[in-house]
Structures are given as C-alpha cells and as structure tokens.
Amino acid sequence: MALTVSGLGVSYGDLAAVSDADLTVADGEVLALLGPSGCGKSTLLRAVAGLEPATGQVSWDGQDLAGVPVHRRGFGLVFQDGQLFPHRDVAGNVEFGLRMRRERSPERVAEMLSLVGLDGYGARRVTELSGGEQQRVALARALAPSPRLLLLDEPLSALDRALREQLAVDLARVLRATGATALVVTHDHDEAFTLADRVAVMREGRIRQVGTPDAVWQRPVDERTARFLGCGEFVDATVSGGVARCALGSVTVEWERDGDVRLGLRAGALRVAREGVGGTVVWRVRGRDHVRVRVRVAEMVVDAVAGVGDVAEVGDEVCLTLVADGVAVLPPGRADQPSPRP
Amino acid sequence: MARARPGLSPWLGLAAALPLGFLAVFFVWPVVAILRLGVGEGGVLAVLGSGQTWRLVGFTVGQAAASTVLAVLAGLPVAYLLARTSLRGLWFVRVAVLVPFVLPTVVVGLAFRTLLPDGGVFAIVLANAFFNVAVVARTVANLWSHVDGRAGDAARSLGASPLRAFRSVTLPALAPALTSAAAVVFLFCATSFGVVLILGGSRYRTLETEIYLRTVELLDLPGAAALSLVQLAAVVAALTVGALARRRGESALALRGRATVARRPRGALSWTVVAVALGVVALLLVPVVVLVARSFGGGLAGYRALAGFGHAGSLQVSGVDAALNSLRAATDATVLAVLLGVTASVVLVSLSRGRVRRGVVETMDTALMLPLGVSAVTVGFGYLVTLDMLPGDLRTSPALVPLAQALVVTPLVIRMVLPVLRSIDQRLRQAAASLGASPAAVWREVDVPMAGRSLLTAAGFGFVVALGEFGATSFLARPDTATLPVAIARLISRPGELNNQMAYAACTLLIVVTVAAVALVESAGRTRVGEF
C-alpha cells in the first residue's frame, strides 16, 4: 500500500474533527473522500499533507511520516480556489515545484500546460484567468514535480455546474494518463464517482463506508449514508432469486443475496407506467424533461417520475413501477429514523 | 505520535528577542528609571492628590476628546468619498488627506499660529484634529470599501430613508474601524506635544507639555514621574480599547468578501456628503498653503538665510547643516525601524499562524505600540539617566537621536506591515510548502513578494515621520546636531524677522519632502496603508 492512514484523529480543543480514521490508497489508485460539508474530510486530507497536528499514524510505503514536514512529503496539493501565486505568471506558477528542487525545465512546464489543455498560456497573468483555467493551472502546478501522492481538496466546487462537469471528466483523464495516486475530497457524488476507483464516505468525523463506487452506491451501510447518497424514502423488502419484492412492487437486484432487506428509493426509483401498484396523484410539478408527481399508495405517499407525455394530473389514478437504477439495498430493520410521510 | 505545531520554529524566540530587547533597553528601562527616580524622591502622592494635577488631566482629556470628535466628524465624509465613490482625481484626495498626518508637529504648530495668532484652546483642538483626519478617513475607508452595500439596499427596500439606512445598517458595520480609529486619534491628541507647546504657550498645558516643563525647567522629577504614571495608565487603557476594536474588526471582516462598491454618487444626499468631504480636504490644504506662501513673503530671503545661523546667531548650526542632520538621523532611524518592525511583524504573524493563544499575540502587539503613547519627554530624559550604564558613550553619541526616532517609527512600521502579512491566505503558503518550499523558502517566495509594497510604504512613511519627530529629538539633539524641526522651534522662539522667514522656508522644505514621499508611496500602487 502506498498511503496508509491508521487511527488518525484531529481535535480542535474539545471538538474532534476526525476520529479514528483508517484508510489505504494503493499505488496508482484514486480514492475519493465523500461527505457532507463539515464532516471532517478536508481536515483528514490536511492531516495527510502534514498541515494539521494529528494523533495516529500516516505512513508511505511503510515509512511513518510523523517527523516529515509538509515540504519533504512530496505530496501535491490542489485547493478549491486554486491559490495560485498572484505575483507570478502561469509558467512561473507551474515551474514553482521544479524550482524548489533547483530544476529548470521549460519542456516540463509546457508538457504540463498541454496536459491540462492550456497550451501557450505560460506568459498569462494568473489574475486574468477564469475560475476553470485557474483550477487547471493549479493542477498543472501540483503535477509538475511528479508528486508521489496528489491531494485534491474540493477541486471543482468553486466552479459553475457546466464547467464542473466538463472539468471532472478532464481531471479523470489527467489522473488516468499520469497514473497518479490521489486522494480527492468532495461533497459531490457525481464528482466522486467520476474520479475515483474507490470511495470513502465520511460523516461526523468518522469514515462510515469504503468501497468501489458501485458498491457504495448500490449498498449503503446504513440509512443516513443512503440519505446522503440521495435516497429519500425507505421500504422493507424481501429478496429472493435476485428480485426484491416490497409494497411498491418488485425490482431486479441480481447482486443481492436472498433475505430481508430495506430498499432506499432515489428520485427516479418509481416511474408512472401502464402497470404496477396503483395510486392517486396528489401533487405535480413540471421538470425540464420529466414530470415529478407525488402519489398516495395505500397508506403511503411517495414521489415518482412521469414522462412529459404521460397524463398525470392531480386526482388521476396511476400505476407505479420500480426502476433498478434508482434503488439502493440496505441491511434490514435498521430504521434509525422513522420513514417520512408514513 | 505528537507532532510539533506547524510553523513554529525555535528561531522565532530568537527573532522575538530583537524587537522586545530593543523595547526593553531603549524604552522600558529608561521609562522605569525615570519613574523610580521620581517616586524615590517622594511627593508623588502629593502631586496625585493636588487639584492642579487633575485640572491638567481634565484639560488633556477634554482637548483630546474634542479633537477626536472633530477628526471623526471631518474624517467620515472623506472616508465615504474614498471608499464608495468613483470620482476622478481621488488619488489627489488620498495624498492631500495623508500629508497632514506626517507633517512635522512644529510645522503644523507654526501654521496654526500664523492662521490664528491668538492661539488658545480652539487652535489646539483644530490643529490636533487636522493631524488626525487621515487616521479616521483611511481606517474607516478601508473597512467601508469591504462592506456589502446590499444590506443597506435591503434596508431601503424595507422603507428606511437613506439616513436611517446609514444609521441602522452601515454605521454599526463601520463601528469596529470607527472605534479603533477614535482610540488611536485620542491617543495621539492626548500625548501631542509640539502643537500644544507652540499654540498653548504657558497658558494651556497638557500632561505631556507639563512633564516637559517640570523636567526641563523646574527639575521637579517627582511631579514629572507622577504625571507620567497618570499618562501611562491612560495610554494603556486607550491601546486596550483599540486592540479590542481591532479584534472585532478582523472577525467582522472575515465574514465579507471584497465587493466592488465604488460608484458615482447618486442623489442629493450623496452629493452633499461629497461636497462636505471636498470642503474638508480644502480646509486641510489651507495651513499648508499659508505656510508656503509666507515662506516667499520676503522673496527668497528665508531660503537664502538657511545657509546661515539665523538672526544674531540664534542657531549653532546652519539651516543647511540642520537639514543634513535631519536626513542622516531619519535615514538611520528608518533602517533600524524597518528592521525592528519587520522582525516584530514576522514574529507576531508566525505566532498567530502557529495557533498560539490569541492573548499572547495581542499582549505583545500592544506592548510594541506603547512607545506611541508614552511621553517622548519621559523617554528622552530616561535615556540621559540610564544609557551611560551601557558600554560605549551612547549618551553623548549622535546615535541617540536615530535610536529615539526608531522607537517612535517602529510601531508605525508594524501597523503597516502586519495587516498585510495577516491577510495572506494561509493556503497559498501551504500550496508553496506542498510544492517543496521549506519554511524559509515560503517566506522568500510568498510573503516577501506580496508584502514588499507595504514594506516600501512603511519605509516611506517611517522616513517622513522620523524627519518630523520633535518630542524626543528636541530633548536629545545637542545644539550642534540639531535637526530641522528642532531648529525651527528654536527660530520661532527667538525674535527677529529673519528668523521667521527662515522658519517658514525650513517648514516649506519639510513639506516638500513630505509631499514627495507621500505621493511616491501613493503612486507605488493602490496599497492599503496599514491600519492608520
């Protein structure tokens, strides 16, 4: 394992920002630390960088980094808002890490700028760049000295949505192309799943679940993790032969073993269809390419999605069917919060 | 696994020893020696109990309060002009407001004596306020240009009149800067020396001039010591108020981003405020213009006289030599003050970055500000008592004047450099460290380039303040090493028309140097001039 974090804790006075965190990142792997704001994920990343006094152990290839200061760790760092040196031009920023090692390599600078899609930007002033361009320069600057680990702290959060999606794809490409080992902190699932080989979900200073994006997305460990990952409603179900059956119908979950489970339902988990469980529309709102409806089914009220062409006015009787992509499977009976709108 | 606090190195203690050691040897020791000398002779309690002492305190506080109120009233419209409007020629307003602050006190005293020959309380209050309009205008403008105007807009949309919106939304937001500025101005006015000495004569005396008179003319050390004690207590109180206001100011600033708030004034109220502000600026120019005009009253006679020793040998050095003495002393003082001030700022900012308890940092910060408020006379006399105990004949050395001037200038350097260092984003430094920059390299690559401009500004201002320093210099400069301000004070205390013309010419020289330095600093870029 390249990076090993064990029993790591960071406290500010009485407040434990991070408690007992264990993590590993393999060589060439990208791990995303995913969690709501204030969950301690940035603090954990800063402790790995050597910027926060911490208890526990951070080691690289088995070597304890306790006495190693930030500038000798060889860990590159990218902040949410670039933090470019305002008194240097783009090339001056990118070559900074090389200069600290007394190397001069205009070729390397040009190569890095090309990698992030900013060919010929070397002489620009950083204050003239857009937010997206600044982030690209920050990435090139961090990658130029070939860090053994890249630490990215909410690298895309300061950008607007369209730019964020574009840059997430570019960032994923750059990370793959350079074979970088990286730890990415984010509160955005899309971003985490786009960038990462594995995802660690954090909440209230603790790591709650670690796994591949598919595993975390499809099988959250508990209801609060599932809520953070977009599940709004939960129903009890029984799996048999790869099919889960519940009060709202049945859905294919091939990867699940037989037994009792709870299903977490995301926004698109229920669709208005020709057949399925019947209910009455009680509320309706038009979305961009779909219609969202709220439907009373027996003693429950659930949200569902209808096509724009589907007739689903308030008061209409409709049928609902479960969609596999919108369903997460949780362990049974762990209702740590009462289901909403029973 | 316990890790050291990032950013705290053992070198820090060594670095802290430099400014604190200087403060101990050249400030605390002389002051304490004088106080002990006075207390030792007894009679301190008698002075503290006498009605005359408390009448002095009353007058000192009263004139300082009146001057502060006047400076705040005159400074607020100018702050609005600087922070919230985008009129052309604002750079001229910036320079015009700043020049009085760094003008030598002797020059200002002479200017107001020329304008108001009857002198009196009115002239003293006016002159003290004249000095300090810049402090209010620039401190408040600094905060005001960060205040989001939309809160005021919201109040307006809820039915508040422009005046009501200002009173209930904008004014509370400005309160930290206003309190901080008022505390500093009060401090300057309460300890103002040259102005009161020249305008008050023997009729109107403050604690500061009384300490001078008792020490120099009456040799009443217990009296002077008792009054110094009273003054010290008042100064510490004012500095504490200022520090508390700064703390609130910083936390308030942290909540807001930089907003582009300057626009063309709109509506009758805005234009009225702008007109008032321009009126204030015009009034600030009057004393300066009068002095310069007077200097040409006898043609160039005053300037020609600078080569000589004044009417009937009033001076022991020629005007030109006095000017050269001034330049030499001010240069030495500036170099020393920049060295000390920068070291102190680096220590203070490293301590706060290293998450040392806030109280420790603030105590050190306040201690370094103390020389601003303690009677220069007390310090000067203290030098004469203590410094012959040090190796080398420092007491009679010409190095004494720059040392005393550096003591006054160092706090100014700190107040200009420290805020800029504090405003550098920690993450920018961390980004540099993650790229392999050692702590020393982070300073070299990040802090120095970013604070460099404010350092130049501090050096520029430090130089003109040292050039104009009068209180301690008048006490320490020997007749043959007199500086220009000391020579001016001597010239106007002697009869003879030639002496007056020569004094006006010397004042004009000082004004020219001051204006040039301020204009240079202003044109070096739109830097924030610290917290003053």
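From the backbone N, Cα and C atoms, a Cβ is placed for every residue, glycine too.
TrEMBL labels come from automatic prediction, so no person has curated them.
What TrEMBL annotates here:
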{"type": "DOMAIN", "residues": "B:57-240", "note": "domain 'ABC transmembrane type-1'"}
{"type": "DOMAIN", "residues": "B:323-521", "note": "domain 'ABC transmembrane type-1'"}
{"type": "TRANSMEM", "residues": "B:12-36", "note": "transmembrane segment"}
{"type": "TRANSMEM", "residues": "B:56-83", "note": "transmembrane segment"}
{"type": "TRANSMEM", "residues": "B:95-115", "note": "transmembrane segment"}
{"type": "TRANSMEM", "residues": "B:121-141", "note": "transmembrane segment"}
{"type": "TRANSMEM", "residues": "B:173-201", "note": "transmembrane segment"}
{"type": "TRANSMEM", "residues": "B:221-246", "note": "transmembrane segment"}
{"type": "TRANSMEM", "residues": "B:267-293", "note": "transmembrane segment"}
{"type": "TRANSMEM", "residues": "B:333-354", "note": "transmembrane segment"}
{"type": "TRANSMEM", "residues": "B:366-387", "note": "transmembrane segment"}
{"type": "TRANSMEM", "residues": "B:399-421", "note": "transmembrane segment"}
{"type": "TRANSMEM", "residues": "B:454-477", "note": "transmembrane segment"}
{"type": "TRANSMEM", "residues": "B:502-521", "note": "transmembrane segment"}
What stretch of B:56-83, B:173-201, B:221-246, B:454-477, B:502-521 shows the most Cβ pairs under 8 Å to the transmembrane segment (B:267-293)?
B:56-83
CB contact flag for the transmembrane segment (B:121-141) and the transmembrane segment (B:366-387), at least three pairs under 8 A:
no
Applying the under-8 angstroms CB criterion, which one of B:95-115, B:173-201, B:221-246, B:366-387, B:399-421 scores highest with the transmembrane segment (B:56-83)?
B:173-201
Do the transmembrane segment (B:333-354) and the transmembrane segment (B:12-36) share at least 3 Cβ pairs closer than 8 Å, excluding pairs fewer than 6 residues apart in sequence?
yes
